[in-house]
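Residues or ranges marked as compositional bias 'Basic residues' in TrEMBL: 1-10, 123-140. Here TrEMBL flags 1-55, 110-191 as region 'Disordered'. Among the features that TrEMBL reports, compositional bias 'Basic and acidic residues' is placed at 24-40, 110-122, 141-160. Summarising the annotation, TrEMBL assigns compositional bias 'Acidic residues' to 161-184.
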Amino acid sequence: AARSAKRPARPRKEPQPLVIPRSAAEEQRLRLERLMRNPEKTVPIPEKLNEWAPRPPPEFVRDVMGSSAGAGSGEFHVYRHLRRREYQRQDFMDAMAEKQRLDEEFQKKLEKNKLIAEEQTAKRRRKRQKLKEKKLQAKKSKLEQKKQEKESDQSHKQVSSEDDDDDEDEDSKEEEEKEDDAEEPSFVMGR
């Protein structure tokens, strides 16, 4: 009776055409398209698998055996498996030691490169500071020269203004003559 009851009809999905990817890029594109058909659906992200590690050796070995087993004995196969497992464990330890050594070398190289980069940065910083100080020094000396020139001009003007009081009549005559003479230059060099 339960089987004869009709289930509610589910909406039928249109069958997707079978597309065989010809390259890795096309395969990636197909996967992305399939993911983007339903953006609300969660994407399964696989976790990183733990590295394989061999079983630790037994703490106490009760039945120590050699490789020379008697004829027809099954003990040799037990020995063979133990030996294979021990060799695997030793190879794993050697690989881990090599990996650790390479990691240490890499860290040392990173530290060395970091120190070299810091030295270069410090050297360039000193160079920039030197240039900055030179520019400041040049600017200060330029300002001082301008101040000195102004002071000397002012003192020169004061001295010349005292002389001008006496020679005002002569200067006015000279200025009138200069205004009349159009060919005379408007400035005199070497004065």
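Cβ coordinates are placed from backbone N, Cα and C, and glycine is handled just like the others.
Just so you know, TrEMBL annotations never went through curation; they're auto-generated.
For the compositional bias 'Basic and acidic residues' (24-40), the DSSP counts in helix, strand and coil order read 14 helix, 0 strand, 3 coil. Secondary structure counts, DSSP: the compositional bias 'Basic and acidic residues' (110-122) has 13 helix, 0 strand, 0 coil. Counting residue by residue with DSSP, the compositional bias 'Basic residues' (123-140) contains 18 helix, 0 strand, 0 coil. The compositional bias 'Basic and acidic residues' (141-160): residue composition by secondary structure is 20 helix, 0 strand, 0 coil, according to DSSP.
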